[in-house]
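Some notes on the structure that comes next.
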Amino acid sequence: MSEFATVYQIAMADVTNNDSVKMAEGERSAEELKEKANKYFKDKDYDNAIKYYTEALELNPDNAIYYSNRSLAYLRTECYGYALADATRALEIDKNYIKGYYRRATSNMALGKFKAALKDYETVVRVRPNDKDAKMKYQECNKIVKQKAFERAIASDEHKKSVVDSLDIENMMIEDDYTGPKLEDGKVTVKFMKDMMHWFKEQKKLHRKCAYQILVQVKEVLAKLPSLVEIALKETDKITICGDTHGQFYDLLNIFQLNGLPSPSNPYLFNGDFVDRGSFSVEVILTLFGFKLLYPDCFHLLRGNHETDNMNQMYGFEGEVKAKYTAQMFQLFSEVFQWLPLAQGLFSEDGVTLDDIRKIERNRQPPDSGPMCDLLWSDPQPQNGRSISKRGVSCQFGPDVTERFLDQNKLQYIVRSHEVKGEGYEVTHSGKCITVCLPATGSYGRYRDNSASLSPPSDQMGNKGAYIHLRGSDLKPEFHQFTAVPHPNVKPMAYANSLMQMGMM
């Protein structure tokens, strides 16, 4: 062997050894970052957990555990699209990694993709036949898939009868021992609304006849509205815009306490997501519908992604209505939700006009894509262009997308909700995209279990809430912040789908 060959081999061995040392050091550093992320996760600081899992993956991009852990952190922050992508990547790296199937099933369940979730639960049960938790989740998911199949089999959208057709409200008896509020000659009045809110505050249930009266009447009112409602403000007028209420009845009362009850001189606009998560969704939605009946021209409600059957089934509203009233009443709520007007988010494609929104046939469950889906699901992002949604539905849109939409439609800015913000609001896209929200105490529920019957909220997320004043004189948004208020001892998502209550999330 020549001297040159010997030197070359030694040099190559040194390079290989150096590479091995660097790789080992990188893996050690990645493991340290993972442990750091785990600590943040344990403290429910999911954003920092995601940050350090991401840094660990940059050093060791082929580690299925890191992807699986980050997937769970994304689930906690409701970034279901990112969670699904990470779980899928974990399984691409290691198809035998069982937690990857758990994470992917969880993501698909959250997105309402029950068949895909069932397939992964089947895999887990097959590999771990003695895993009671996996078997329970598989059985629950299988039940949902069969229920959905049954509903499709009996449904005929063209000839589907309304729940209203089967009701005989006039002959519904109000028992003598019921001392709560009643509609006056079948009509909502100011006195009725004040009495009902006080009744709800005492955690008492409105009589089913009154609830049905409100629902039937508000369906008729909403069905007459266009898909895009236009509100005119005179120079001296002011309107209040509020974000997601999500079953937070006591925060809703607080807004009315701070800002005044709705009236012709104090109009409101609520940006959807009235129900789910919080366990007082029935109280919230009946209050909002009541004010819509009392002041149809100056109390405005828009549909959110939680005014849909799939979300209601998973996040609690369906279970709450069935617990407090009946399955039939939930079906009527579903019918009413389909008539709520639209508008909030932007679109997956350029060129959508206000006329296109007006033409949307909204009386249905939203499709998986297209303008109706985008209005309910899309979110802004800081960078230009569009990207895949963190939620796994619709898209994220950048400042340039906002600019083009506003220019084409001769608008100044958009006001949306659909996200939690630390200060209760956020102004982005050079002031042209505004988000407003209520206080949120926890990723998956607006209320936590407290020891007293009426206790200060123990915030997990700690954000403020806000509402916006717009005045006809200049349309310049004025932000008013507030904090969460005391609420009854009712756990978050008390009526949610049993998979959620099993700790799936």
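Quick reminder: no glycine exception, Cβ is built from N, Cα and C everywhere.
Residues in the repeat 'TPR' (30-63) partition by DSSP class (helix H, G, I; strand E, B; coil) as 27 helix, 0 strand, 7 coil. What TrEMBL records for 30-63 (among others) is repeat 'TPR'.
Positions annotated as repeat 'TPR' by TrEMBL: 98-131 (among others). Within its own chain, the repeat 'TPR' (98-131) is flanked in space by residues 64-65, 67-68, 71-72, 75, 78, 80-81, 83-84, 86-88, 90-91, 137-138, 141-142, 144-145, 148, 310-311, 314, 391-393, 499, 504-505, which lie at least six positions past its ends and keep a Cβ under 8 Å from the stretch.
The annotation domain 'Serine/threonine specific protein phosphatases' is assigned in TrEMBL to 302-307. For the domain 'Serine/threonine specific protein phosphatases' (302-307), the predicted model reports an average pLDDT of 96.
Sequence-distant contacts of His306 (active site, proton donor/acceptor), defined by Cβ-Cβ distance under 8 angstroms and a gap of at least six in the same chain, are Asp244, His246, Gly272, Asp273, Phe274, Val275, Asp276, Arg277, Asn312, Tyr315, Phe317. According to TrEMBL, the feature active site, proton donor/acceptor maps to His306.
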